[in-house]
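Here's what TrEMBL has on this protein:
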DOMAIN    72-177  domain 'Cytochrome c assembly protein'
TRANSMEM  21-42  transmembrane segment
TRANSMEM  76-92  transmembrane segment
TRANSMEM  104-123  transmembrane segment
TRANSMEM  157-176  transmembrane segment
Amino acid sequence: MWLGYSGGRTHRGDLVLSAERSVYAVFGLLAIASAGIIAAFLQHQFQYLYVYSYSNAELEIFYKITGLWAGQRGSLLFWALLLGFFSSLAVFQNRAKNREFMPYVVGVLLTVLAFFICVLLFADVNPYERLEFTPANGQGLNPQLQNYWMVIHPPTLYLGFTAFTVPFAFAIASLLNGRLDARWIEL
């Protein structure tokens, strides 16, 4: 994230390029982490507290996949994944335009991503926390969550929350860049 801010202040394209590539790397790593939890749900790996808490062997595959956002640990990982996706999309779409804003946009997006990653790692919400033993079966998904509408409701909310981070990043970039006109809105 500091590469983006530093690259913007010093007008060094190599620092900005490194910051932009780190957005792609963070998204890739979050995708791997999310795929790992989904695989743990599908393979009945109940040694993970999160999988044990929100799945069991009898649960339908559809609901096992949605177990990713059934609890706080997975929801935060899913939120970070979507944020990484929209950040990567913003960097990709602006790779040849809006170059005066992009160092700061990337810096802001990486700062927000760093916050969520720090919460996942240090706030006792790690979805990969292991139990001391491996139970034969999990507790299962809350019956209230075994509903089509409850399956699509959280991802829909997260899409809105995370997608709105991109215009926020452009607004902050406009302030940091000293461009206080409405140009950032037209992007």
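Placement of Cβ uses the backbone N, Cα and C atoms for every residue, glycine included.
Curation does not apply to TrEMBL; its annotations are automatic.
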Where else in the chain does the transmembrane segment (157-176) make close Cβ contacts, counting only residues six or more beyond its ends and a cut-off under 8 Å?
5, 8, 69, 75, 78-79, 82-83, 85-87, 89-90, 101-105, 107-109, 112, 183-184, 187
Can you tell me which parts of the same chain pack against the transmembrane segment (76-92), counting only residues 6+ beyond its ends and a CB-CB cutoff under 8 A?
20, 23-24, 26-27, 30-31, 33-34, 37, 68-69, 102, 105-106, 109-110, 112-113, 116-117, 119-120, 125, 127, 154-155, 158-159, 161-163, 165-166, 169
Going by DSSP assignments with H, G and I as helix and E and B as strand, what are the residue counts for the domain 'Cytochrome c assembly protein' (72-177)?
75 helix, 1 strand, 30 coil
